Amino acid sequence: MGFGIGNPTSAMSDFLRQAGGYAVIDGGLATEFERHGADLNDPLWSAKCLISSPHLIKTVHLDYLEAGADIIITASYQATIQGFESKGMSREESEALLKRSVEIACEARDTYYERCAEHHLSEGIKNDKILKNRPILVAASVGSYGAYLADGSEYDGNYGDAVTLSTLKEFHRRRVQVLAEAGPDLIAFETIPNKIEAQAFAELLVEDGINIPAWFAFNSKDGVNVVSGDSVVECASIAESCEKAVAVGINCTPPRFIQGLILSIQKVTTKPILIYPNSGETYDPDRKQWVQSTGVSDEDFVSYVSKWREYGASLIGGCCRTTPNTIKAIYKTLKSPADSPSPL
């Protein structure tokens, strides 16, 4: 689509203006795959579906588009060349799977536009599905080094002293290049657990001449710092100083912490703030399961949305354990004409 080529900052501002001032990000992928019957008990996690069930990925992307998402995120969060190679795949096969994650999302967007064209709906809603021809972005997900380790370290950011800035850049370099070349609109650096990995991403964008913009999303478990204990303000400052970053914010974090984190990030950034929390449930890395009793309902989750918008977030969605129903409720909250003060 050519998003962000030339002036990334103005491209995001234009996109938000076309979206009515606020954009809806999609919700959890892996937990939706599991709801459809996929077995993701594997180090590749959601990326396993790139091998076993790409049709399911497209189905879930479409579910989110029909729930009102303006941005869909590819199924590449835990997809790494190193991870695929550990499964016996060649470098070429591994890179092809990364590209495929972007292609599937783009195909879903094309199919969605075809469905919109078929219906010509004045209200943009049919059978409770949002069928509205609008700008839609594909964001290529890049998970943290900890996600590749599949040991829960993306939830504490503790990689050990042996993992340096150089280590992280070399780990991510080719993956980011392949995803950028596959044709997404932007890169989504997600669940960034520490300052050093944010710095690695920022430097890669410049060093490798990545020709599309990116967003930086950090995770927190205390509402003050990112999960490693690094200051969220210092982490957000790295994104703020990166010319190719078009938004900065928080993902995979309990909803109760989001309001304070928005206020902290606002102190150091002029970029749009994005928020896509998890359901509030706690992940047990040893059992590799979510502890269900710790979460909030869709109704409670969505009750936060107006406050997040009021405090300055302009891109809002969900992460793990959120569903198309969650996203549809966010869409209705953000897109209600009577309840949408413009941030622009």
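Every residue, even glycine, has its Cβ placed from backbone N, Cα and C.
TrEMBL entries are annotated by machine, without manual review.
Feature annotation from TrEMBL assigns Zn(2+) binding site to C252, C319, C320. There are 26 other Cβ atoms within 10 Å of the Cβ belonging to C252 (Zn(2+) binding site).
Summarising the annotation, TrEMBL assigns domain 'Hcy-binding' to 11-334. If you average pLDDT over the domain 'Hcy-binding' (11-334) in this model, you get 92.
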Neighbour-count leader, CB within 10 A, binding-site residues: C319, C320: C319
Beyond the site residues C252, C319, C320: chain residues whose C-beta lies within 8 Å of the centroid, for Zn(2+): G28, T191, N219, N251, T253, Y276, P277, N278, S279, G318, R321, T322
